[in-house]
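Right, one structure below, let's go through it.
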């Protein structure tokens, strides 16, 4: 009898595929098509990280909250989902819908029900790496939840934030450096506590986090929003099409992030593979290819991408229509915003909409001027340091890009020491200034020592600006 029912289910599926119709199969057929992975003793784990703070970075926490709702609806247990977010957005005075976070113009609230595992200053590098390793004793604060996985388990890590060559932002100092992250992933593999691990990364220059650093053979498959040399993009921003509701003055999401999340919501994760999603997300994130867009990349064990998404994200029974899809039905935006300019978009729209003569307009004007002044200070300081160190060759040395497949820098300790030397004299690099991490890495690759950097930074920066963006109150970024 079972064989007959199974054959009938298969027959109906093939008829639907040929005719183009969508057939909702009965639960017994669903069981027939369910991958064998669901029948083993494996457990799904997830780590979701929003690595920023500030209302102008609304989109990162919106991405992560939306990802949580997707996994929860997919049946991933709450106790197995670890969430890192500063949690300063939902109840922020700038939020036009207090207590609510949306990730798309017509989206539902994605904030309600999201666990507050690690918030505020608990969102830091040490806690994140301890969570991935399952090391409860190394935690400081938070819920104490870690990835306590076993050898048959599957892990999904999603990180949304600002980035720069070789570095990922954190709302607390220091930032997360590529070598430290990859070292922890290697330790996790050596511990024998997972069967496969998938890492989705949203950040500028995110390809540099894994390029030349993540080897094959660790059963890790990673995709990134951009290659090692380009920005990633915010989306659903004011002035775009589609645009957020009129009361919002900030971007609601990030292009790569909403691409994979919205794809997951519209397709059957029991049949869609990691590779199929990669191709769809790559197409949507590429945008126009001229005015905007980035190159989604993949690293590690590419063969792992043949696995079904259900293995890592679960599946929502409402989406189990078993329709194979090779076209992304979601319309790409007409225009998007460079990740590094999203804060300026917020400040500018805040200024434009504020009543003339109001305290809000004065505040917004100050925020725009402070942000622009900080950018000029960092850009000019790095350029001048390059000239002081390398003379007329400074610009060429600072902007040199290593061949594909090579890591950003040979000596990561050197990179961190030069970052600290710069910040001691010139102030914080900030979420904007980490775009210059390649320039500092190239100083190391050219043999520059910390003493030389100190001397050059002292000449380039007689004083540290008083701007909040330059403040070192939170400590050094390395």
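Heads up, the Cβ atoms here are built off N, Cα and C, so glycines get one too.
Over in Swiss-Prot, the protein carries these features:
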type: SIGNAL; residues: 1-20; note: signal peptide
type: CARBOHYD; residues: 135; note: N-linked glycosylation site
type: ACT_SITE; residues: 162; note: active site
type: ACT_SITE; residues: 204; note: active site, nucleophile
type: DISULFID; residues: 237-251; note: disulfide bond
type: CARBOHYD; residues: 321; note: N-linked glycosylation site
type: DISULFID; residues: 414-444; note: disulfide bond
type: DISULFID; residues: 426-461; note: disulfide bond
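Feature map: Swiss-Prot annotations on the structure.
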residue : record                      : DSSP (3 states)
135     : N-linked glycosylation site : coil
162     : active site                 : coil
204     : active site, nucleophile    : coil
237     : disulfide bond              : coil
251     : disulfide bond              : coil
414     : disulfide bond              : helix
426     : disulfide bond              : helix
444     : disulfide bond              : helix
461     : disulfide bond              : coil
(message) Given a separation of at least six residues and a C-beta threshold under 8 Å, show me what packs close to residue 426 (disulfide bond) in the same chain.
(response) 377, 378, 381, 457, 460, 461, 464, 470
(message) When you rank 237, 414, 444 by Cα distance to residue 135 (N-linked glycosylation site), which of the disulfide-bonded residues ends up on top as the closest?
(response) 414
(message) Comparing the recorded positions 204, 444, 461, which residue's C-beta has the most other C-beta atoms within 10 angstroms in this structure?
(response) 204
(request) List the same-chain residues at least 6 positions away in sequence whose Cβ sits under 8 Å from the Cβ of residue 162 (active site), in sequence order, or say none. (result) 51, 52, 57, 168, 169, 203, 204, 339, 340, 431, 434
(message) Between 237, 414, which of the disulfide-bonded residues has its C-beta surrounded by the fewest other C-beta atoms within 10 Å?
(response) 414
(request) Could you tell me which of these recorded positions, 135, 251, has the fewest other Cβ atoms within 10 Å of its Cβ? (result) 135
